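Peer 1: Sharing a structure here in structure tokens format.
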Amino acid sequence: MFVDPDNWKPSPGIAIEGTALEVVKSHSSLSIMAGPGAGKTELLAQRAAYLLTTGECPPPRRILAIAFKVDAARNLKDRVEQRCPPEVSRRFESLTLHAFAKRTLDQFREALGPDLRPSADYQIIFPNRDSWLEFQRRFAQELPALQDYNANQLSSIVHADVPKFDGDDTSNEDRIRRLWWQKTLSLRPAALTFDMVILLAIAIVRAQPIVRDAIVATYSHVFLDEFQDVTSRQYHLIRAIFENTPAVLTAVGDTKQAIMGWAGALPQIFDRFAEHFGADSRKLQFNFRSNAKIVNLINDLSAAFWDDPVRTECARKNEPSPPDALEGWLFEDRAAEGVALAKFIKDSLSQNEKLGPHDFAILARLDVNGIERRLAPQFAAVGIKLTNEARMIGPVAIQDIMKEPVYLFLVSLLKMAHGVRQGSPFQTCRNILAGLEGLDISVERDAGRSLRMVQDLVVQTVELTARRAPNEVTGEQVGGLLITPERKQQFLRTYREYQNLEYLEALVSACAVYFDECAAEANSWAGVIESLEGKGAVKLMTIHKSKGLEYDTVIFVEFNDDAFWNSADDVNVFFVALSRARERIRFSLTKDARGFSNVNRFLEKLQESGVVFHEVT
Ligand SMILES: Nc1ncnc2c1ncn2[C@@H]1O[C@H](COP(=O)(O)OP(=O)(O)OP(=O)(O)O)[C@@H](O)[C@H]1O
């Protein structure tokens with residue numbers, strides 16, 4: 001049933017040799033540092049496939065993959081699902097640290113003493129500056145010391161640790177912390193920030209070794225993806241559970257893509273990890289993503305901006321790079337820029353039939369909504385759709401909706417109902433359904449059952465949609481048909497990230513709204529499906545959202561002082577954008593921008609590295 005470790009092969013098209021192979025097969029904890037496109041995510045996916053299929057992670061034990069952002073968690077899960085059969089990938093759990101902490105609290109809440117135990121229906125709150133000032137104002141009489149601190153300081157004090165309810169308070173900070181926690185925990189439902197959830201999860205595993213043992217017994221291996229973005233509190237939870245246990249940890253990251261410094265990401269995290277988990281470190285030296293010209297540019301700029309640059313080698317160096325791989329454009333104003341970008345993409349599409357609109361990404365640091373308003377009409381004028389996938393529909397960004405199992409389930413059924421086979425909709429639908437129904441499709445009887453269930457659903461979808469034009473069917477009808485109340489309960493039980501029914505319902509409504517938007521613009525079901533999959537549109541997103549993704553052509557807009565203000569993260573943000581491109585990158589500047597003094601250092605280095613900036617009239 002298991003593959004012999006010596007006969008294990010990576011997935012087709014993936015070359016795993018040398019250090020990478022050593023990492024895949026490692027029995028000890030390791031940290032892997034590597035530059036962009038070095039295959040860090042792929043390496044974790046291959047290691048998961050290796051551990052699960054060879055029995056190094058034997059059933060019922062599991063792999064726990066923790067990422068620090070929702071997108072990274074989903075990316076990794078998607079890759080493992082693409083590379084392993086469902087009965088294997090089911091033992092791979094990929095979730096954010098927040099979701100993991102919340103799950104720990106939800107499962108073991110009773111282990112907390114009465115002073116710290118929130119009500120079972122607690123809500124997550126996101127206090128902003130005004131909330132802290134309101135707290136200060138309301139309780140100033142009870143605790144005058146509150147007035148000595150500003151909003152940021154109050155947040156730090158409250159989240160430094162769980163409060164002590166016994167013994168004497170030693171300081172004002174202790175008293176402030178205790179007051180906040182008392183007030184929020186005594187609300188019905190209780191109100192907790194995510195940091196409070198993490199602190200409570202730490203308190204549980206510290207106080208109850210049996211809980212810690214249960215978690216460690218579940219997971220033989222732990223992956224930490226995008227580890228450069230971990231904060232001190234998050235890292236504490238990982239230590240509190242896994243330090244000095246047999247769990248084998250694999251942390252991957254790129255210190256040069258650390259763009260969460262503003263959110264408290266820990267510097268020197270890899271050194272700490274080595275110290276606490278005895279983890280040796282490894283470096284990956286190839287860039288599998290970008291062509292030689294782009295890799296050279298990344299190397300040149302790394303040498304210019306960092307004291308400790310690591311040169312990466314282009315794994316594709318024998319392939320030719322396009323002559324126009326790197327260019328800068330300077331436009332008179334934003335209106336001229338919009339027209340030219342639309343024309344550039346339209347011309348590129350007509351010159352290269354292998355490209356689709358979704359191979360182009362427009363990246364900006366900020367204000368993608370404003371950029372969408374500005375560019376969308378100009379793109380529409382030449383027949384190109386632009387999707388701002390960072391736009392929120394209800395509580396979720398479009399790009400997150402697209403990765404949701406609920407959404408994939410709906411889209412796969414629409415695809416089958418309308419004969420679209422690309423992307424294996426049958427497998428997607430059956431795997432999700434098997435998970436929901438608890439069926440093991442490697443067993444013949446369950447395989448047959450899941451097949452019949454899929455067929456039934458396809459018939460229902462055909463009945464609802466086939467004889468009508470897309471804009472005659474609403475998203476609500478599709479959602480109501482396929483995501484019944486019982487099905488919602490199944491999703492809640494199966495996908496732990498769907499934390500409660502309220503969230504799931506908001507998500508289903510968001511899917512419906514997005515369906516309506518796609519249907520309104522398309523004149524065929526194939527067109528709707530293309531839009532639903534984000535295929536027929538050029539992508540517009542923030543650089544933060546582009547992390548972990550890649551595109552044939554990346555156009556970097558608003559490269560000016562509105563978006564770069566000499567923050568500590570500027571250089572890393574710039575590198576993240578640069579390294580998303582496989583074939584071509586464009587830097588687009590407009591003379592009507594506020595100014596270029598903060599980005600001048602990038603512009604100078606780009607020109608020194610051979611990027612030619614044309615004035616476009
Ligand atoms: N070992 C490999 N052999 C062939 N192709 C690979 C290999 N590893 C990764 N790739 C391909 O290279 C690209 C980049 O891989 P991946 O996204 O895993 O890199 P990463 O290090 O996580 O990138 P980043 O940190 O820049 O987001 C992907 O298209 C992936 O399929």
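A Cβ is built for glycine as well, from the same backbone N, Cα and C atoms used for every other residue.
Not my notes, these are from TrEMBL:
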BINDING   Ala34, Gly35, Pro36, Gly37, Ala38, Gly39, Lys40, Thr41  ATP binding site
DOMAIN    13-291  domain 'UvrD-like helicase ATP-binding'
DOMAIN    292-548  domain 'UvrD-like helicase C-terminal'
Peer 1: Using the recorded ATP site (Ala34, Gly35, Pro36, Gly37, Ala38, Gly39, Lys40, Thr41) as reference, state which further residues of the same chain have their Cβ within 8 Å of the centre of those residues' Cβ atoms, listed in sequence order.
Peer 2: Asp254, Leu284, Asn287, Phe288, Arg289
Peer 1: Suppose we screen the binding-site residues Gly35, Ala38, Gly39 by Cβ distance to ligand 1 with a cut-off under 6 Å; which survive, in sequence order?
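Peer 2: Going through Gly35, Ala38, Gly39 in sequence order, those close to ligand 1 turn out to be Ala38, Gly39.
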Peer 1: Could you tell me the mean pLDDT over the domain 'UvrD-like helicase ATP-binding' (13-291), as a whole number?
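Peer 2: Here the predicted model's pLDDT, averaged over the domain 'UvrD-like helicase ATP-binding' (13-291), is 90.
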Peer 1: Near Thr41 (ATP binding site), which residues of its own chain have a C-beta under 8 A away, given they sit six or more steps off in sequence?
Peer 2: Ala72, Asn75, Leu76, Arg79, Asp225, Val252, Gly548
Peer 1: Which of the three DSSP-derived classes (helix, strand, coil) applies to Gly39 (ATP binding site)?
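Peer 2: In three-state terms, Gly39 (ATP binding site) counts as coil.
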Peer 1: Name the residues of the same chain, 6+ apart in sequence, whose Cβ is under 8 Å from the Cβ of Ala38 (ATP binding site)?
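Peer 2: In sequence order, the residues whose Cβ lies under 8 Å from that of Ala38 (ATP binding site) (at least 6 apart) are Asp254, Leu284, Gln285, Phe286, Asn287, Phe288, Thr312.
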Peer 1: Within 10 Å of the Cβ of Gly39 (ATP binding site), how many other Cβ atoms can you find? Include all protein chains, please.
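Peer 2: A count of 22.
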